[in-house]
Each structure stands twice: as C-alpha cells, then as structure tokens.
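The feature substrate binding site is assigned by TrEMBL to A:146, A:168, A:179, A:260, A:379, A:384. For A:179, the entry in TrEMBL reads active site, nucleophile.
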C-alpha cells in the first residue's frame with residue numbers, strides 16, 4: 001500500500017512518455033489533511049538539481065500539500081530554463097488540485113543535463129491527477145523507478161496510526177543521501193512541522209545516510225515526510241521517530257538489495273569506535289574501497305584490503321590491535337593473521353564484515369555492495 | 001638502464017621462488033658512493049607494512065647504502081614476526097655487502113597478511129648479491145613487478161650527471177602514494193641528504209601524488225632516492241629537482257598506462273581553482289567517481305557525473321558558472337548544457353577532462369583510469 005497505507009493520502013502513477021521504455025514515469029502523492037505538515041532532507045551535493053532547489057523552499061515553512069515526481073529525466077544541470085520547468089510543473093499541479101504552487105514538492109530522477117519534455121510531463125500530471133486514488137500507492141511506487149528492478153514500498157502499522165513509504169534508487173547510492181527519491185507518509189497527529197522534521201532527520205541519519213553503494217552522491221536525492229493527522233492518534237515523539245525509522249530502514253535495505261549490478265549486500269560494522277564520527281569514517285572508507293568490493297565479488301575474504309582501508313582514516317585506533325571478522329570468522333587478530341581465510345564462506349548474498357577498533361564503545365554499520373562486472377556494465381552501457 | 005644509468009650504482013634481479021610464477025622476485029640496488037645520501041617518502045596509510053616501518057628509520061639519518069626489494073609478498077599486517085623478518089633480511093644484506101643493517105632500505109610488495117618464506121628470500125638475497133652488475137638496472141626493474149605487464153624504467157641525462165629510476169605498480173594506485181615501489185638514483189653531487197629530500201618531496205608532490213588509479217591507498221608504498229656523487233658534477237637545487245621530477249613524471253605516467261584492467265588513461269585537469277588544495281580536492285573527487293569512470297569505459301561523455309563529483313567537494317566555485325570539456329568539446333557551459341555530447345570521441349586511450357571552476361588561477365591535474373570489466377576481473381579473481 002505504500003504511501004497510501006496511512007489515511008488522508010491519495011496517490012497515482014501514470015505513463016507520460018518520458019521514458020523510452022513506455023513504463024510509468026509520473027507520480028502524484030496528495031495529502032488531503034486535515035494537517036499538511038511536511039519535512040524533507042535533500043542531497044548534500046552542491047550541484048543540485050532544479051527540483052531540489054525548488055523543493056527546499058517549498059518545505060521551508062513546514063507545509064506541503066502534494067508531491068509530484070517524475071522519472072525519465074533528472075532536470076539537473078539545466079540552468080535557469082530547468083528551474084523554470086520545475087516552477088511550471090508545480091504551477092500546473094497546483095492549478096489541478098486547487099492548492100498553492102508553493103506547497104507542491106517536485107522530485108525528478110533520470111539523466112543529468114537534459115531538459116524535460118514539458119508537454120509530455122504536464123500531460124502526465126493531468127493523467128496522474130485524474131488517476132488519484134486512496135489505494136494508488138503501488139502505482140506511484142512503480143512510476144518513480146529508473147534502473148530499479150522492483151518497486152520499493154514499506155509500511156509500519158502502530159496503534160491507531162501508521163507510516164507508509166516508497167523509494168526509488170538503484171545506483172549512485174551514497175551518503176547524504178543515495179540517489180533516491182523517497183516519500184514517507186503518516187496519518188499520525190503531529191504537533192507541528194518541527195516535530196516531523198526531527199523525526200525525519202533522526203530516521204535518515206541511521207538509515208539512508210548509512211547506505212553507500214558506490215560512493216557517488218547524487219544531484220537529486222530527496223526524502224519527503226508528510227503528515228495528514230487523519231488518524232486522530234497522537235504518538236509521542238519517540239513513537240513517531242521509531243515508526244518513521246522502521247519504514248526508512250526497510251526501504252534502505254531494499255535499495256541495497258536492488259543496487260545496480262550487485263551480487264552481495266555487505267554490512268560493514270565498526271565496533272569499538274571512540275565516537276560515532278570515527279566509526280562512520282572507518283565504515284565508509286571500507287565500504288568505498290574498490291579493491292575490497294571486488295574481492296567480495298570474487299569470494300575472496302581479503303582482510304588485508306579491509307585493513308588498508310581502515311588505515312587511510314583519521315579515526316582513533318592502534319594498528320596493532322585491530323580485529324577483523326568476515327561472516328563470523330576472525331581472519332585478522334591484533335593487526336595480524338588470524339583464522340585461515342579458507343574458513344570464510346562468501347557464497348551467500350549477505351556479507352558481514354566486522355572491524356573492532358578497540359578504541360571506545362561506539363558501533364556504526366554502513367551498508368554497501370560488491371563491485372561487479374554487472375555494475376560496470378550497467379554504468380558504462382547506459383547513461384544515467 | 002634504469003637505476004644503473006647514473007654512475008656509482010650496481011643492481012640485480014633474481015628468481016628466489018617467492019612468486020608461484022617462477023618470475024624474478026628479489027632485487028638489489030647498491031650505492032657504491034662516494035656519497036651515500038638517501039631520502040624517501042612512504043605511504044600515508046596508518047596500517048603500514050613492516051618494511052615501511054623499518055625503512056623510515058633507515059633513511060631518517062639521510063644515509064642508505066643499499067635497497068633490497070622483493071615481490072611475491074607485502075609483509076604487511078604480519079605483526080612483530082613480520083617486522084623481525086624485515087630486520088633479518090636487512091642484516092643478511094648488510095653482512096653480504098659489508099655495510100650496516102641500519103643503512104639497508106627494505107621494500108616488499110605482494111599479498112597482504114602472509115609471512116614471507118624467509119629461507120627462499122635470504123637465498124634470493126645471496127643470489128642477487130652474486131649477480132650485482134653496473135648494468136643490472138633492467139633485471140632489478142623486472143624483479144619488482146607484480147601484476148605489472150611491463151617493467152617501468154626512466155632516465156634523465158643532464159650535463160655531466162643523470163637520474164635513473166625504476167617503478168612497479170599496477171593497482172591500488174592512489175595518492176600518498178600509489179601502490180608503488182620506486183627507486184630513483186643520481187650520480188649528482190648533492191650537498192646533503194636534506195637537499196635530496198627537498199628535491200624528492202617536490203618531485204613526488206606533482207607526480208606520484210597525483211596518480212589516483214582506483215582511490216585505494218597501499219600499505220607498502222615507498223619511493224627512495226639515492227645519490228652517489230660519482231659524477232663529480234654539482235647541479236643546483238633547481239636543476240636537481242627538475243631532473244628528479246622528470247624521471248618521477250615519466251614513471252608515474254607509465255604506472256597509469258599499465259594500471260590493472262584499464263582501457264583509458266584519464267587526465268582530470270582542474271583550472272580556475274582558488275587554491276592548489278581546492279584544485280586537488282576537485283580533481284581527486286572526479287578521478288574517484290566510479291560512475292564517471294564507468295562512463296569513460298563505455299565511451300559515454302557523461303559530464304553530469306563529472307558535475308555531480310565536483311559538487312561533493314568543499315572547493316570554492318559557483319555551480320552556475322562551471323564549465324566542462326571532454327577531449328576538447330565543451331559539453332557543459334555555465335553549469336548547463338553546452339555542445340552536443342555526440343561530438344565527443346572517447347575511442348582513444350588518452351582522455352582529457354577539463355573542469356573550469358572560475359574561482360581563481362590555480363591549475364591541477366590528476367591522472368586516473370577508467371573502471372572496466374577487466375579491473376573487476378583482475379581484482380576479484382586474484383588476491384593482492
């Protein structure tokens with residue numbers, strides 16, 4: 001049920017003709033209230049797409065009535081004309097729904113550096129408006145797919161209220177955030193947009209921000225959270241954050257599992273870090289090491305490459321006390337040779353790499369993928 | 001002629017049986033003086049191999065009489081026993097040559113996390129000692145190869161004196177430094193080791209430190225510069241630095257050209273940077289972007305991925321004024337669409353990506369490679 005699992009939302013997904021494949025490519029998610037609280041987090045990339053620039057402004061006042069999303073074009077690096085295209089799209093959606101353009105979040109994904117075919121897009125908006133339905137979350141999730149092999153949705157039902165979400169993203173997955181468009185909805189009654197913002201930032205910090213498939217940060221990443229208040233139930237801040245985090249974590253794992261060309265999902269867990277920042281730096285360094293990622297693809301438990309990646313960081317640790325385990329086998333003990341690497345079985349999709357820094361009490365996990373022939377193929381043969 | 005092009009040096013390369021392939025794997029480079037000045041730069045990786053730890057101490061006093069190098073094993077992450085192996089190797093070389101062990105630089109390359117077969121290694125040292133010759137530079141260059149497809153040597157002849165060098169390295173190429181072992185020799189008369197150190201640091205800063213094949217920093221990188229003074233010629237500091245830089249630049253380009261699995265050599269040139277540090281940060285970010293590197297492999301002039309990489313940096317620039325050219329075609333103008341990407345021809349091995357930040361007067365170039373099926377194959381099928 002995706003974003004329409006919570007009450008107070010309608011959604012749709014239609015074919016506008018932006019994608020050469022003829023697959024659905026325009027989606028709407030409408031918040032029918034009574035509340036219209038909104039919060040969002042965006043890419044940290046300074047080269048941000050026009051819809052990101054627009055949508056930052058939209059959610060700045062804590063209110064949004066609708067999210068319009070398109071695949072088939074990122075509208076990034078398109079200059080002032082591209083920003084105008086986003087503006088026109090928002091005005092068109094606003095007119096159809098009788099809301100203010102300034103309450104329309106716009107998200108785009110696809111190839112960078114090309115203008116959107118606006119006639120098709122606006123026709124798609126009209127069709128998506130006509131198709132809006134209280135159970136349209138599944139169609140919306142399909143319409144935002146790019147190289148995703150499956151639509152990604154998640155829900156968390158709580159006592160009298162719920163959270164629902166959809167995500168797209170299968171490449172360019174990197175921190176802050178992955179190339180992802182995510183819409184999360186809730187029918188919980190939330191005191192104000194600031195409370196929603198807190199819940200979203202806490203949720204993304206430990207979920208989407210810790211997915212690092214290929215170290216490449218996108219120009220379009222957007223995660224939007226909308227609250228309708230339609231359930232009449234008022235969870236406390238902790239309950240709201242927990243449920244939003246659960247949905248984001250579910251979607252984040254689906255992104256890793258569907259990453260372009262990946263054969264393995266790798267959890268890089270750093271224990272014994274002196275701080276969360278240290279743990280994150282080390283985990284990212286390992287997760288981004290191409291040689292390590294190739295080794296996992298080849299079924300080679302090459303812990304030397306893990307240590308070489310750890311050694312490039314500024315985190316607190318003593319090289320002589322580092323421990324590394326792969327899928328439960330401690331292949332490196334005290335910075336040197338541990339159990340035989342022949343004992344490690346990397347055949348399964350899920351791989352767990354555990355590094356103990358012995359420098360503190362913090363634990364951080366980052367999820368990544370292996371580096372495969374298929375990754376190279378997908379990203380060399382097709383433009384994105 | 002490699003390291004034996006300058007007068008005052010002998011070298012050799014022999015088969016010790018460390019490599020399963022039966023190829024040469026132990027090399028010696030001896031400085032017969034009259035001077036024995038030495039300088040070196042090492043990996044910035046905090047997980048450094050035993051020979052790196054040893055050799056830092058050796059060159060600290062500015063003197064070295066000989067360099068012993070082995071392929072077939074990195075002696076990294078081998079703990080105290082691994083350090084003892086390096087110490088024993090140095091003592092063995094010292095005894096054979098009648099020098100102090102503390103003047104023996106040791107370099108190792110190969111798989112991380114395995115002890116060296118010391119009996120074979122020491123036998124190889126004896127054979128290498130017996131084989132020392134005034135024209136042995138070529139044999140030495142062959143004996144340090146790992147996945148290199150060709151030996152790498154360079155010379156620079158100046159007025160009455162010269163510089164010679166050899167290098168190995170074909171993967172794990174990254175800044176500070178690549179996985180490289182490099183020995184550079186000169187018969188110039190140099191006032192002291194400090195002068196030699198200055199020349200070496202200036203040379204590596206703009207050569208090896210700007211090679212970034214795959215973003216992975218090694219545990220063993222070592223560049224050693226030895227001066228014999230045997231020419232009797234005394235170049236000034238600028239002349240020495242120029243010649244050492246020329247040899248290092250030549251070797252660095254050979255490393256890029258022979259990088260594991262690469263189909264393209266990519267020069268990432270950043271112009272208009274506000275500072276050298278800014279230019280370097282941006283160049284490295286582009287050079288390490290897997291999506292961009294895959295696109296080059298696929299012949300796709302995907303400038304959007306270049307901009308996305310630029311946008312992740314903290315360098316001074318305005319996204320709305322960025323220009324990007326690929327092989328002379330300005331595909332991005334003022335942050336938006338420029339010439340048609342169809343005009344860009346990426347068929348040749350050499351690719352030139354030019355980014356103008358329009359923020360200052362500094363220019364920095366980093367050399368990298370594309371990300372290919374062969375890279376994944378070489379680094380997944382074989383342990384290194």
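Cβ atoms are placed via backbone N, Cα and C, with glycine included.
Shown on the structure are the features that TrEMBL records.
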| residue | record | Cβ neighbours (10 Å) |
| --- | --- | --- |
| A:146 | substrate binding site | 23 |
| A:168 | substrate binding site | 28 |
| A:260 | substrate binding site | 27 |
| A:379 | substrate binding site | 29 |
Short-range binding-site residues relative to chain B, from A:146, A:168, A:260, A:379, with Cβ separation under 8 Å: A:379
In three-state DSSP terms, the structure that residue A:379 (substrate binding site) belongs to: helix
Helix, strand or coil at residue A:260 (substrate binding site) [DSSP, three-state]: coil
